[in-house]
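As structure tokens, the structure follows; a few thoughts come after it.
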Amino acid sequence: MPSSIISLLASVSKQITIYLGSFTLIAGVIGGLLNIVVFLSLRTFRESSAAFYLTVMSIVNVGQLLTGLLSRIMSSGFGIDWTLTSLFYCKFRSYCFNVCASTSMTCVCLAIIDQYLATSSRVQWRQWCNIKVARRLVLVFVLIWIIQGIPYIIYYDQVISTTTGQVTCIITNNIFVQYTTYGNFLAFQKILPICITFVFGLLAYNNVQQLGYRTVPLVRRELDKQLTVMILVLIVFAFFTNMPYTVIYIVSTTAQFTQDPVLSAQIQFATLVTTYLVYIYFAEV
């Protein structure tokens, strides 16, 4: 009975990977490229700092789908794992995925902070909302994530099992494993962005409610409302697609839940489903 449950979950997981994964990849890449074209083609968006953050986010989201989701579909769906046949790809995939994921969440945070400042009643705060500041901030944070990701290139390696003889692409440093799990992933890519977007989302929403009582040009007021609503919807969508995976990820790191083979298979299946929720977020924004 337990073996049949495990086999069933494995079969369903493979079908989800092939069909849902392929659909998410195709729709996400096309949608991301269309977002980039729209943001770059309209002058109103080209001159907006918030739109610039969203443009960069769309670019790195496409990068995430191509480096993360594509290889997952090939390995889990079709049994073709490029990380096992190429040491370069073993290191590059993890490095590129990490840089893109961190940059994407950073851009979400910067976009909502930008809209909070743009809709503020204080003139000195609104002055920080310009395209020059946005470009400098993105450049600084991208450089930070590029440098922060260097250990992925160093510590990811192909390891041959002494018992099975199979090759796996894993982190070979235990300290870096802990940092990746609890520091980089949970803190920097999940918990911290969720807290920042939640706080500044509420503040920006409150500012938007007060826009009608201020002397602000109509075009600027409507643009701020449009961008703020767009980003707030994005934040809500990000919360409901990222939080389930965060919870399952924390549960999967607990040893008592991985000792029972059936329970372990169920957790792996839940991890797969919630992982695709995260990819749907990157595909839809």
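Using N, Cα and C of the backbone, Cβ positions are placed for all residues, glycine too.
The transmembrane segment annotation in TrEMBL covers 16-40 (among others).
Residues or ranges marked as domain 'G-protein coupled receptors family 1 profile' by TrEMBL: 31-281. In the predicted structure, the domain 'G-protein coupled receptors family 1 profile' (31-281) carries a mean pLDDT of 87.
Among the features that TrEMBL reports, transmembrane segment is placed at 52-75 (among others). Sequence-distant contacts of the transmembrane segment (52-75) (same chain, at least 6 residues past either end, Cβ-Cβ under 8 Å): 17-18, 21-22, 24-25, 28-29, 32-33, 35-36, 39-40, 45-46, 81-83, 89, 92-93, 96-97, 99-101, 103-104, 107-108, 110-111, 114, 131, 134-135, 138, 230-231, 275, 279, 282-283, 285.
Per TrEMBL, transmembrane segment is recorded for 95-117 (among others).
Annotation source TrEMBL lists transmembrane segment at 137-155 (among others).
According to TrEMBL, the feature transmembrane segment maps to 191-208 (among others).
The transmembrane segment annotation in TrEMBL covers 229-251 (among others).
TrEMBL lists 263-282 (among others) with the feature transmembrane segment.
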Contact set, same chain, for the transmembrane segment (95-117): CB under 8 Å, 6 or more residues outside the stretch: 49-50, 53-54, 56-57, 60-61, 63-64, 67-68, 125-126, 128-129, 134, 137-138, 141-142, 145-146, 148-150, 152-153, 156, 184, 188-189, 193, 196-197, 200-201, 203-204, 207, 224, 227-228, 231-232, 234-235, 238, 282
